[in-house]
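If you look up Swiss-Prot, you'll see 1-25, 80-100, 159-196, 260-271 marked as topological domain 'Extracellular'. Per Swiss-Prot, N-linked glycosylation site is recorded for Asn5. What Swiss-Prot lists as transmembrane segment is 26-49, 58-79, 101-120, 140-158, 197-219, 237-259, 272-291, and the listing cites sequence analysis. According to Swiss-Prot, the feature topological domain 'Cytoplasmic' maps to 50-57, 121-139, 220-236, 292-324, an assignment based on sequence analysis. The disulfide bond feature in Swiss-Prot is assigned to Cys97-Cys189.
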Amino acid sequence: MGMSNLTRLSEFILLGLSSRSEDQRPLFALFLIIYLVTLMGNLLIILAIHSDPRLQNPMYFFLSILSFADICYTTVIVPKMLVNFLSEKKTISYAECLAQMYFFLVFGNIDSYLLAAMAINRCVAICNPFHYVTVMNRRCCVLLLAFPITFSYFHSLLHVLLVNRLTFCTSNVIHHFFCDVNPVLKLSCSSTFVNEIVAMTEGLASVMAPFVCIIISYLRILIAVLKIPSAAGKHKAFSTCSSHLTVVILFYGSISYVYLQPLSSYTVKDRIATINYTVLTSVLNPFIYSLRNKDMKRGLQKLINKIKSQMSRFSTKTNKICGP
């Protein structure tokens, strides 16, 4: 193979969810709505938590950070996706592709570890309620937040640097709607052995570590709940955990389906499954966490009433200034 064929590609083409031109505008409308709902829903969760003193505790602290991470997570992927729906070329530069891959891995891992931190918090609240305030103090919360952020930055940097060392000399068409690791690796004409080994060892460990924490936490919760004598007490404990468990199943179920398989078997079905943990979980989180949570509902209602009041005052002042 000549040296001219080994030059680094300057851009990739993102094939997207569909190559049919008639699908592009409906998909654009659908994902624009999903993106706007994601931004609005998660932003309302953050504002409700920070404006209500009754929601100033570790559980809602982690939920507000998760909502912020979800906003960032979808923003890394969806805006470029929307542009490509209306574009004929559907290109992404090499540097932009690596940047998208990096931040996708960063916020994906932060989401994963935050779900583990929330499970630990629930475990302490249910299994050790009398020492909850002592155990889940400010220092503990900061550590549970600092570790996933620090780890996610270095974990993502490792994988992106390993991709950057590869040579792409055949096709530049990525069969995906964003620069995910596996579809990009499939384009490489140099050996991806090191990348695959790291993905199946360090990458797998980074996914399994928080998942194991969640499993252990919920096993302890289950044992503690079964010891509660009253049916009402058991129901209250289970309902407290149900929203978090729903998100965990959605997130880890789709991740396991996509990534716990050989690189060669990556197909269109994986592209669809990826939507679950990149887009759907982020848009569903505000609804899942608020629908069955009375405190969260109260906080959101209080925030909405406050916004309405401010808008009413602004409208009244505007009318006075403008006159009849």
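Any Cβ shown, glycine's included, is placed from N, Cα and C.
Confidence in the topological domain 'Extracellular' (159-196), given as mean pLDDT, stands at 90. Listed as Cβ neighbours of the transmembrane segment (140-158) (distance under 8 Å, sequence separation of 6 or more from its ends, same chain) are residues 58, 61-62, 65, 101-103, 105-107, 109-110, 112-114, 116-117, 120-121, 198, 202-203, 206, 210. Secondary structure counts, DSSP: the topological domain 'Cytoplasmic' (50-57) has 5 helix, 0 strand, 3 coil. For the transmembrane segment (58-79), same-chain residues at least 6 beyond its ends with a Cβ under 8 Å from one of its own Cβ atoms are 31, 34-35, 38-39, 42-43, 45-46, 49-50, 100, 103-104, 107-108, 110-111, 114-115, 117-118, 121-122, 125, 136, 140-141, 144-145, 177-178, 278-279, 281-283, 285-286, 289, 295-296. The highest tally of CB pairs under 8 A with the transmembrane segment (101-120), across 26-49, 197-219, 237-259, 272-291, is held by 197-219. As a quick check, the transmembrane segment (272-291) and the transmembrane segment (197-219) miss the bar of 3 or more Cβ pairs under 8 A, pairs 6 or more apart, so the two do not touch. The DSSP secondary structure for Cys97 (disulfide bond) is helix. For the topological domain 'Cytoplasmic' (50-57), the list of distant contacts is 64, 295-296, 298-299, 302-303, 306: same-chain residues at least six beyond its ends, Cβ to Cβ under 8 Å.
Same-chain residues lying 6+ beyond the ends of the topological domain 'Extracellular' (80-100) with a Cβ under 8 Å from its Cβ atoms: 8-16, 24-25, 27-28, 31-32, 35, 160, 163-164, 174, 177-179, 184. The list of residues near the topological domain 'Cytoplasmic' (220-236) in space but at least 6 beyond its ends in sequence, with Cβ under 8 angstroms from a Cβ of it, reads 122-123, 126-127.
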